[in-house]
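Visitor: Copied straight from TrEMBL:
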- 41-290: domain 'G-protein coupled receptors family 1 profile' (DOMAIN)
- 26-48: transmembrane segment (TRANSMEM)
- 101-120: transmembrane segment (TRANSMEM)
- 140-158: transmembrane segment (TRANSMEM)
- 197-216: transmembrane segment (TRANSMEM)
- 237-260: transmembrane segment (TRANSMEM)
- 272-292: transmembrane segment (TRANSMEM)
Amino acid sequence: MTGRNQTTISEFLLLGLPIKSEHQNLFYTLFLAMYVTTVLGNLLILVLICLDPHLHTPMYLFLSNLSFSDLCFSSVTMPKLLQNMQSQDLSIPYAGCLTQMYFFLFFADLEDFLLVAMAYDRYVAICFPLHYTTIMSPRLCLFLVLLPWILTTFHAMLHTLLMARLHFCEDNVIPHFFCDSSALLKLSCSDTRVNELVIFFVGGLIIIIPFLLIIMSYARIVSSILKVPSAKGICKAFSTCGSHLTVVSLFYGTIIGLYLCPSAHNSTVKETVMSMMYTVVAPMLNPFIYSLRNRDMKGALRRVFCKKKNAFSL
């Protein structure tokens, strides 16, 4: 790589989505609506959990953190995508690109670990219902919330610092709608073997270990249900775990398909569409999954609106 031009670049160009110019406004409206829905839906969950004392439980502590993570995760990429779709300036500064990459990794990892904490919470609730309050103590809940924030901070910082040591030459065009680490590595004119090894081993562990822990939690749940099979127990388990399982399937399904099961025939368009699934679609759907399938959230919504209505009537 020494033969390439070593001029250091100061900005990158994000090509964005492969959309024809005549469809640009239509997709802009669609993505804007999706982003607004994501923001309002996750904010609603955060407000309801804060205002309703009935939701001050471990499960909703984890859900509030997940909603905050979804809100921020979508906000890392969507505003820049929407801006680029309405302007001819596709550039993003070098520092801005690394910052976007850091927060993208941070909130993606945070959601990953929070899903594990929620799976453990469901495991304790179903397998040890009589000891639930004892096991899920405030101290343990605080630990299960703080640990993901700490781990994701170091993991995202590791990848960002490794990326910052690389040199980028004359090619600064990123065929993506955000600063994806794999796309940046392809543009670098430095030796990227260390970065690739860290992504393969550390990044793989960040995805695989939480996924296996979730599988283990649900295997224990299924085993516990089968020991005392009853229609009531099965219905209760599905109502308790259904929302979480749906979110896990949506999140891990796209990530595993994109990163752990790569194909030589994967086109840039296919990778971009799959990235849209877990960066835009999943954060938008999560509030609907948890609110529409959750009686506690529906009850909290009714109580909050009744309080507001009574306050205005006075």
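Glycine too: its Cβ is placed from the backbone N, Cα and C atoms.
Note: TrEMBL annotation is automatic and uncurated.
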Visitor: Among the recorded stretches 26-48, 197-216, 272-292, which has the greatest number of Cβ pairs closer than 8 Å to the transmembrane segment (101-120)?
Guide: 197-216
Visitor: Any chance you could find the range in 26-48, 140-158, 272-292 with the most Cβ pairs under 8 Å to the transmembrane segment (197-216)?
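Guide: Going through each listed stretch, the top one turns out to be 140-158.
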Visitor: Apart from its near flanks, which chain residues at least 6 from the ends of the transmembrane segment (140-158) lie with a Cβ under 8 angstroms of it?
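Guide: Distant Cβ neighbours of the transmembrane segment (140-158) are 58, 61-62, 65, 102-103, 105-107, 109-110, 113-114, 117, 120-121, 198, 202, 206.
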Visitor: So which residues does the transmembrane segment (272-292) touch in its own chain, when a touch means Cβ under 8 Å and the partner is 6 or more beyond its ends?
Guide: 17-18, 31, 34-35, 37-38, 41-42, 44-45, 63, 66-67, 70-71, 73-74, 76-78, 104, 108, 176-178, 180, 243, 246-247, 250-251, 254-255, 257-258, 298, 301
Visitor: Across the whole of the domain 'G-protein coupled receptors family 1 profile' (41-290), what does the mean pLDDT come to? Round it, please.
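Guide: It averages 87.
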